[in-house]
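Asks: Have a look at this one.
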Amino acid sequence: MSISIGIHDLSFATSEFVLPHTALAEHNGTDIGKYHVGIGQRSMSVPAADEDIVTMAATAAAPIVARHSKDRIRTVVFATESSIDQAKAGGVYVHSLIGLPSACRVVELKQACYGATAALQFAIGLVRRDPAQQVLVIASDVSKYELDSPGEATQGAAAVAMLVGADPALVRIEEPSGLFTADVMDFWRPNYRDTALVDGQESISAYLQAVEGAWKDYAQQDGRSLEEFAAFVYHQPFTKMAYKAHRHLLEFCGHDADRDALERALGSTTAYNTVVGNSYTASVYLGLAALLDRADDLTGRPVAFLSYGSGSVAEFFAGTVVAGYREHLRTEENREAIARRKPVDYAGYRALHERSLPADGGDHSTPAQTTGPYRLAGISGHKRVYEAR
Ligand code: COA
């Protein structure tokens, strides 16, 4: 009999500041309906000057290692597309900040917003090889587009940490997966840029093509039928995208995509993404956190996941929610991570957006802004310096 493997614990973190879309709309003269209804976003997380993907990742992962033994974690897979170094894995800093044992492998993975799903699947493979081991999967990203570009309204920042192991307490991940890859240029970030480039309409149609392709492969692999799923957790670059994607899938499968059907499938999955903004690799798992925290009892119910990463790679797979999962949720902490953010005005956001770490190799400290447990204290000799607060 095959063992049950999946998500044993899930915790997320986001930034110190938040910019409401009303402030952006006021700045650029956009009707707020375009943001609130047209793309389904109400606010976006904005990292403080002393926060980055490492501090958010460590903040997300710390409660997991506080609750479980560190000794079973022999692998950390850090997924990101806003990496801070071309060589060193961001997860190595996190490994140190949260005090994991040295007998551990740490690696960084990249394929746009899809990376965390690759990490999850690789983690499952490692656990299947040795069910006594657990893998810490971390997805951490800062979504950053040029000021005054269409993408600006779909920025955000968050990290999700997941403990993957045998006999999981939250969600058992199933086989098969439906897979899809296509070489498209819908969204990318060359190494010399710190803001992403995106062809918005191309990214929507590439996403829809990937949903269809991944679903077709899932069906060919003898996956579940669409009617079996209690909910659908999509990657959400903006929450309206989940609605576009699910409508496309329902219609492709010959179903009515009426408002009720969409709301039933997606309604509980967008609550965190709509106020956090795009968190790239973390986005689909922030959707899962919202679903588990908010939906009626899902015990024993299959949930569908559609993970999409521009460029593009997509995966459709299923997870079954485990009996007793509610006792292991971090609902209060999750709400607090969002509620504790301090509103920043447009000028403050713009100043943070325009900041970058000095590249001259000198000693530079960063302003003390975050009230989170970890901070980027500065940069010295081209080395980022982190500290616990
Ligand atoms: N009230 C309600 N809805 C409104 C509105 C208003 N006053 N004004 C516009 N809208 C709607 C539009 O009809 C459109 O809806 P639709 O897509 O269902 O037709 C939506 O708001 C967006 O309008 P659009 O003109 O397409 O906006 P845009 O040119 O600013 O682009 C994005 C929006 C999302 C494409 C852009 O922000 C972007 O490229 N973001 C990055 C996306 C990304 O990250 N992709 C990569 C990963 S998948």
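Even glycines carry a Cβ here, placed using N, Cα and C.
Here the structure is a predicted model, which means the values were calculated and not measured.
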Asks: Need a hand: TrEMBL gives D31, Y145, K244 for (3S)-3-hydroxy-3-methylglutaryl-CoA, which of N273, N278 is also on that list?
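Replies: Looking at N273, N278, the one TrEMBL places in the (3S)-3-hydroxy-3-methylglutaryl-CoA site next to D31, Y145, K244 is N278.
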Asks: Report the recorded positions (D31, E81, Y145, H235, K244) that meet this criterion: Cβ distance to the nearest atom of ligand 1 under 6 Å. Use sequence order and write none if nothing qualifies.
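Replies: What lies within reach of ligand 1, judged by Cβ under 6 Å, is D31.
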Asks: Which residues does N278 ((3S)-3-hydroxy-3-methylglutaryl-CoA binding site) neighbour through Cβ under 8 Å, counting only same-chain ones at least six apart?
Replies: M44, S143, T154, Q155, G156, Q236, P237, F238
Asks: Round to the nearest Å and give the CA-to-CA distance linking K244 ((3S)-3-hydroxy-3-methylglutaryl-CoA binding site) with H235 (active site, proton donor/acceptor).
Replies: 12
Asks: Would you find the one among the recorded positions C113, Y145 whose Cβ has the most company, meaning other Cβ atoms within 10 Å?
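Replies: Selected residue: C113.
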Asks: Where H235 (active site, proton donor/acceptor) and E81 (active site, proton donor/acceptor) are concerned, what is their Cα separation in Å, rounded?
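Replies: H235 (active site, proton donor/acceptor) and E81 (active site, proton donor/acceptor) have their Cα atoms 14 Å apart.
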Asks: For the region 'Disordered' (356-375), give me same-chain residues lying six or more residues beyond its boundaries with a C-beta closer than 8 angstroms to one of its C-beta atoms, as numbers and ranges.
Replies: 13, 16, 48-51, 54-55, 58-59, 62, 97, 194, 340, 381-382, 384, 386-389
